Amino acid sequence: MVGGPFYTVKLGRKDSLESKISAVESNIPRANSSMDEIIKMFESRKFTVQEMVALTGAHTIGFSHCKEFAYRLYKYDKSTPTDPAYNPKYAAALKQVCGNYSKDEAMSAFNDVMTPSKFDNIYYKNLQRGLGLLESDNALVKDPRTKPFVELYASNQDAFFRDFGRAMEKLSTYGIKTGRKGEVRHKCDAFNSIQT
């Protein structure tokens with residue numbers, strides 16, 4: 001629907017019988033996670049650096065709440081309130097979008113300011129232009145372990161689509177539940193039955 005790659009989704013995967021935000025937050029990188037932390041998190045799950053960079057390309061669609069990156073706009077450090085890694089015009093626009101973020105937690109900005117509703121490789125091109133919304137996005141283009149893959153995907157959308165599809169297929173088989181540890185849901189956003 002948004003123009004992204006095709007990849008195979010295996011059917012019959014069991015979902016957990018419980019859903020807790022605390023279990024999610026400890027298993028995904030935070031917006032301000034260091035690249036070392038992110039790489040270690042993915043490597044502990046047997047994903048390569050390249051697979052991690054490809055999966056992060058999912059940021060080509062969607063949005064992030066201003067509270068997740070506002071410190072980069074207003075409180076980066078004592079001498080420089082705005083993160084100098086931001087393109088200055090982009091930072092100014094984000095300040096307008098997020099001006100009221102402390103009072104309105106729903107305030108958000110698109111992860112990909114150029115093509116927010118299209119799955120493409122513009123996200124990687126944006127990183128090279130100082131248009132990485134999250135600090136973790138920006139780190140991809142600065143770290144020597146990830147920068148070559150950002151450059152590859154920025155210049156070659158077919159490579160990004162191929163690698164993203166393969167990494168998604170691998171991700172879909174990670175941590176599979178078996179036996180009575182999960183259920184194949186009839187409706188993906190609801191348990192089949194609520195047990196008390």
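Just so you know, glycine gets a Cβ as well, placed from its N, Cα and C.
Straight from TrEMBL, the features:
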type	residues	note
BINDING	P29	substrate binding site
BINDING	H59	heme b binding site
BINDING	T60, D112, T115, D120	Ca(2+) binding site
DISULFID	C66-C98	disulfide bond
DOMAIN	1-192	domain 'Plant heme peroxidase family profile'
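Take the mean position of the Cβ atoms of T60, D112, T115, D120, the recorded Ca(2+) site; other residues of that chain with a Cβ within 8 Å of it are I61, M114, P116, K118, F119, N121, I122, Y123, N126. The Cβ of T115 has fewer other Cβ atoms within 10 Å than any other of the binding-site residues T60, T115. Taking the binding-site residues D112, D120 in turn and counting surrounding C-beta atoms within 10 angstroms, the largest count is reached at D112. Across the fold, the C-alpha of T115 (Ca(2+) binding site) and the C-alpha of the residue listed as 'heme b binding site' stand 11 Å from each other. Ranked by how many other Cβ atoms sit within 10 Å of their Cβ, the disulfide-bonded residues C66, C98 place C98 at the bottom. Spatial neighbours are here defined as Cα atoms within 10 angstroms of one another, and by that definition the neighbours of the residue listed as 'heme b binding site' among the recorded positions P29, C98, D112 are D112. Here the domain 'Plant heme peroxidase family profile' (1-192) returns a mean pLDDT of 92 for the predicted model. A Cα-Cα distance of 22 Å separates the residue listed as 'substrate binding site' from D120 (Ca(2+) binding site). Cα separation, D112 (Ca(2+) binding site) to C66 (disulfide bond), rounded: 14 Å. Of all the Cβ atoms in the protein chains shown, 18 others lie within 10 Å of the Cβ of P29 (substrate binding site). Across the fold, the C-alpha of D120 (Ca(2+) binding site) and the C-alpha of C98 (disulfide bond) stand 25 Å from each other.
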